[in-house]
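As recorded in Swiss-Prot:
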type	residues	note
DOMAIN	2-241	domain 'ABC transporter'
BINDING	Gly38, Tyr39, Ser40, Gly41, Ala42, Gly43, Lys44, Ser45	ATP binding site
Amino acid sequence: MIQFKNISKHYQLKGQTIHALDQINLDIPAGSIFGIIGYSGAGKSTLIRLINLLERPTHGQIIINQKDFTALNAQSLRQERANIGMIFQHFNLLQTKTVAANIEMPLKLLGYSKIEREKRLMELLDFIDLTHKKDAFPDELSGGQKQRVGIARALANHPKILLCDEATSALDPQTTKSVLALLKKINKEQGITIVMVTHEMDVIESICDHVAVMESGHVIETGPTVEIFSNPQHPTTKTFIQTVLQQHLPVNILSKLEHQHHHSIYRLQFLGKSAQEPVIQSMIKQFDISLNILFANMTEIDGTVIGQMFVQLLGDDTLIQQAIEFLERHGVSVNQSGEQV
């Protein structure tokens with residue numbers, strides 16, 4: 001487990017104190033894919049760089065597997081850093097070195113023999129599916145291939161933790177998808193804890209099982225990704241989720257409804273089992289009401305299906321209330337439009 005305990009990071013800039021991080025307390029479970037999301041300047045990149053002490057906190061402790069990294073001497077810290085790999089937005093490959101030389105570099109620095117380096121190199125090239133690019137130079141690679149080389153280099157010494165700082169933000173959507181699939185494979189097959197900094201909520205949706213939302217140097221919300229998506233509390237979190245999971249009726253639909261007879265609009269949210277059962281069909285059969293579907297969407301997060309639907313319920317008020325209670329008994333969250341959701 002990675003633990004941030006009362007972490008603060010302050011900078012001096014033109015005579016002023018900048019509070020990059022302020023009183024951060026956060027636990028990252030071992031073996032998880034943990035996303036850290038926030039807008040530019042939120043402090044997320046500073047936070048991830050504290051894990052391997054590329055940045056040192058002004059106050060607080062970084063505890064990894066029950067070791068306080070902030071209390072380690074230089075030699076002990078070097079040894080512990082060997083268990084932490086890192087990949088970057090712009091790949092950070094040596095342009096004058098081949099793919100093989102880039103991947104082997106950390107192994108050379110750590111004193112691996114030539115035979116050991118060659119063996120590990122071929123394992124990694126096979127794993128990232130770039131054996132045919134062994135002797136190529138970075139300029140001959142696509143963005144996705146460069147990032148795969150960066151990932152292989154980060155994995156060279158069998159790390160227990162992999163830090164990803166905006167690792168997909170320079171890639172096109174299809175390449176992003178393939179890189180995320182590779183990271184998920186690494187986590188599943190090797191049990192490596194992955195910490196991902198991103199400003200893209202679809203990255204969190206695609207791969208992360210836990211997430212922390214940051215704003216102005218604070219963690220404003222954190223928890224399992226499914227819980228955060230299904231029940232966001234902070235306005236900033238809701239804004240992020242809105243980019244991948246519609247939380248409000250689209251404006252064009254609302255404008256059409258303005259000219260229709262008023263009917264209450266409800267937001268129905270289905271989670272897990274309720275998203276896969278014919279709950280709506282059962283409700284319509286049981287109650288003498290009509291249902292007008294205005295908008296619906298569905299996604300899968302960490303193996304759990306989340307669906308939501310904006311509907312008008314038409315009919316007798318008593319029957320509508322009974323229908324709502326029926327839905328809630330069957331695991332559907334019901335909120336009338338305009339209520340806090």
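Cβ from N, Cα, C; glycine included.
Known features from Swiss-Prot, placed on the structure.
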residue: Gly38; record: ATP binding site; Cβ contacts under 8 Å, 6 or more apart: Lys44, His199, Val213, Met214, Glu215
residue: Tyr39; record: ATP binding site; Cβ contacts under 8 Å, 6 or more apart: His199, Glu215, Thr236
residue: Ser40; record: ATP binding site; Cβ contacts under 8 Å, 6 or more apart: His199
residue: Gly41; record: ATP binding site; Cβ contacts under 8 Å, 6 or more apart: Ser216
residue: Ala42; record: ATP binding site; Cβ contacts under 8 Å, 6 or more apart: Met214, Glu215, Ser216, Gly217
residue: Gly43; record: ATP binding site; Cβ contacts under 8 Å, 6 or more apart: Lys9, Ala20, Leu21, Met214, Ser216, Gly217, His218
residue: Ser45; record: ATP binding site; Cβ contacts under 8 Å, 6 or more apart: Asp165, Glu166, Val197
Here the 10 Å Cβ neighbour count for Lys44 (ATP binding site) comes out at 27
Note on ATP: the CB centroid of Gly38, Tyr39, Ser40, Gly41, Ala42, Gly43, Lys44, Ser45 has further same-chain residues inside 8 Å, namely His199, Met214, Glu215
DSSP says Gly38 (ATP binding site), in three-state terms, is strand
